[in-house]
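Asks: The transmembrane segment annotation in TrEMBL covers A:23-45, A:57-80, A:101-125, A:137-159.
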Amino acid sequence: MPEERLWKFRKPEWMNSATARSAGVYSAGALFSLAFFIMVDAAVWSHSAKNGSDPPIHINFVDWLPLIFSSLGMLIINSIEKTRLSADSFSYSGNGVAWKARVVLFLGFASLAGGMAGGVTVLVLKYIVPGTVWPTLSMGVSNVAANGLVMLSSVVLWISQNMEDEYSYNLAL
Amino acid sequence: MTAGLKTIISLSFVLAIGFLLVILSCALFKQYLPLLVVATYVLAPLPNWVCGRCANPDDFVESSSNAVVDFGRFCTGFLVLMGVALPALLAHSEIIRWAAALMSITGGVLIYGTIIAFGMFFQEESEF
């Protein structure tokens, strides 16, 4: 449908191949795993013998909360059927499915952004304001890094799922 | 057939070297946590297989079956990176040494490479 195109730049051809799509999904899983294990690494390090912070600072539930929210947001965003978002399709606009999808998607994005903001909040309030130095500070930095990686992973997953739609559309014709 | 035989022999050698590296990384330092890497890499192709069975490959118009396949791929990607991340995590907290972590990562990659190569060489073509 070239006349319905919105953007000036068209998608490159290689992005519609099935190989690029599955590579995208694999790398989304790898990125999410990296995020999760950065956070686990911070928690394990905080309770190991290497953590020598003088007033002892440990990872507790507060540090995990942003990651939980980010992961929840990612789950919501990527569970939504993307084709229901456009109200152009006649059969789905009747019951307000597109509207519902947009509300749920907004909740998902809000949760994802809230997780990112929460990570920065934990970094500032728990680590920077009390004036901790580097090896202790790395726990807060890894919190922000983990949330950023969850965001990146959900972007990659979103893009590769949209690729899939184009791909199956071409196949169906 | 001889080519298949050679492949089997070389793959089993690589698998044995991988297991040797992982077990050595545990036994040399009397700390058996890196054995988890083997479990991770053996489990890694499993979600792909299970979800590939669940999905119906005939209807590619309905995207709900593709979602199952994508979920399996996501889990596989998660587990593969977990195999690398777990020894690095343990070494960072000085539960194991960096040498042990390096050995178990190398061994794990060899084991997983064997599994993947085996699946690629001897893929059943029984689709009808």
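Cβ coordinates are placed from backbone N, Cα and C, and glycine is handled just like the others.
In terms of burial and nearby residues, how do these features look in this structure?
Replies: Here the transmembrane segment (A:57-80) has Cβ contacts under 8 Å with residues 32, 35-36, 39, 42-43, 46-47, 51, 101, 104-105, 107-119, 121-122, 126-127, 130, 132, 136, 139, 143, 146-147, 150-151, 153-154, 157-158, 161 of the same chain, all six or more residues outside its ends.
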Asks: Please give the sequence-distant neighbours of the transmembrane segment (A:101-125): residues at least 6 beyond its ends with Cβ less than 8 Å from one of its Cβ atoms.
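Replies: Contacts of the transmembrane segment (A:101-125) (Cβ under 8 Å, skipping residues fewer than 6 from its ends): 62-63, 65-77, 80-81, 84-85, 140-141, 143-144, 146-148, 150-151, 154.
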Asks: Please give the sequence-distant neighbours of the transmembrane segment (A:137-159): residues at least 6 beyond its ends with Cβ less than 8 Å from one of its Cβ atoms.
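Replies: Same-chain residues near the transmembrane segment (A:137-159) but 6 or more away: 24-25, 27-29, 31-32, 34-36, 38-39, 41-42, 45-46, 57, 59, 63, 66-67, 70-71, 73-74, 77-78, 112, 115-116, 118-120, 122-123, 126-128.
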